[in-house]
Amino acid sequence: MYTKLLQAIYRDSDLAEKTASMIEQKVSVYQQKKGQAGKLHWDEEDIFLITYGDQFFEEQQPTLRTFKKFYQKYLADTFRVVHFLPFFPYTSDDGFSVVNYQAINDRLGTWEDIEEMRSETRLMFDFVCNHMSAESTWFQEYLNLNDTYKDFFIDLPLDTDTSSVTRPRTSPLLTTFIDKNGKEKHVWTTFSEDQVDLNFKNPEVLLKMIDILLFYLEKGASFIRLDAVGFLWKELGTSCIHLPETHKIIQLFRAIADEAAPGTVLITETNVPHKDNISYFGNGENEAQMVYQFSLPPLTLQAIRSGNTSKLKEWLKTIDFASKKTTFFNFLASHDGIGLNPVRGILPEKTILELVEQLKKEGARVNYKKNPDGTTSPYEINATYLDALSSPTDTTEWRSKRFLAAHSFLVTLPGVPAIYIQSVLGSRNDYKGVEKTGENRKINRQKFLLADIEKELQTDPLRTAVYGELTQILSIRKKEKAFHPNSLICLLDSADSFISFIREAKEEKVLVIHNFSNQSAGYLLPKGDYLDLFSGQIIHCSQERKLIFQPYEYMWLKIIK
């Protein structure tokens, strides 16, 4: 089953057969253990929470236990799946520079604590498969010239022409390390000097990473997030992103997961233009079942800040599914910034730069990438989504209106919605975190003493409004079959300040209307009878009727006649 894929990766029949046999043995051993198969497919009740395992803390308490306490009290009724960002020992990048793929960070707890959470909800694990920490045993043994790890990483002469390589950062691609004999090694580091890329041209690396994948399945992961997977295969003279071998490796991971733990869902994290992003669906059957909808956060931000939905609607018309067995992982905020690459080619560069400059003036931070010609371009905007949508002078009411309108839009789109914990909590920019660490992304990664955040959810007007109304929106969404991730969407014609569409599944239809402007505006409601899903009111329209929408007002109208 695996031989054909391995032959396409390594172009060596004997090596492919030998490696396939070893993979089959690994899968067979896994099947003899007690693993957990995931739920087959998804529905309108599936809402993901994105969070760190140490998001909440108490004195002398593993943070996963503290999280469980908070989850049971505030989140369990709303979120069916929890995506824990990397919970392994790490040296940088808040978990994405992994020291040991199979251990739990001591501060967070143990695998037993993960098991406890698995009894509460389904879990998504991060599979940080492109790179690992320079402090990891694998890399340290590589520097110690241990033959086992000889070709686990990529060492090139410093004068190698790497100008064609796609860079998501401005840091050098090659980082210099010294081996035990005092010789310099110039190692491939896509993201930072502490994150050394693995060499998948070595089949031993592939086999090691398959061990990790099977280990995560054994530990109960229903969803596997393939972090930065687009960079997996390197070939000098190319962009080293989205290469055919990368897609074949993902297909191999998919085949292994399908055989070992049917129902497991793979999600690719590829923060790239939309056309490249959706290529990770493969043929709809053989790669990721979900891909992040990376265009959505910046497009929604631009639409609300400008009060003009034209570009958002143009993009929405192009969205299609590769098959009924795939869907989009929709989100507005995450632990990273608001990525700009995904809207290059959708928004004019001038519009992107104007948005960046305006947000910088209002306190956002910006990270940049290096272009092939040596110039730099904005790569991501760093801010909480709440502050990105608002101006510094906005009132609490105005902030929450914009924010909730954006999230109403998010959760009514085709796909599975995912909400970042800072959004659930109504968090503002954490400038202290940025100042303390010098890292722009810390602006949206604040951690909380449990007692403090519980108090703020009761006393802080913005947190109270956002948490209360957002959980209500999600509660209503879960009850409507029309919001099934794969149900139909029909985009309707409307003024530029509005975005409206009908979602339809199993003879149920919901008309969704959003006013994304800061002005009151009229919307012509077609003839028919409607149930307002928020107020419970029946609206009878014997003929076309004009409804006045207040700034950032939204309605979900179930069509009953």
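Glycine too: its Cβ is placed from the backbone N, Cα and C atoms.
Note that the structure is predicted; figures quoted are calculated from it, not measured.
Database features, via TrEMBL:
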- ASP93, HIS131, ARG225, LEU226, ASP227, HIS335, ASP336, ARG441: substrate binding site (BINDING)
- 61-463: domain 'Glycosyl hydrolase family 13 catalytic' (DOMAIN)
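Across the residues annotated as binding substrate (ASP93, HIS131, ARG225, LEU226, ASP227, HIS335, ASP336, ARG441), the two Cα atoms farthest apart lie 20 Å from each other. Under 8 Å, Cβ to Cβ, and six or more positions away along its own chain, ARG225 (substrate binding site) finds HIS83, MET124, PHE125, ASP126, PHE127, ILE267, GLU269. Look at the binding-site residues HIS131, LEU226, ARG441 and count other Cβ atoms within 10 Å of each Cβ; ARG441 has the fewest. Counting every protein chain shown, 20 other Cβ atoms lie within 10 Å of the Cβ of HIS335 (substrate binding site).
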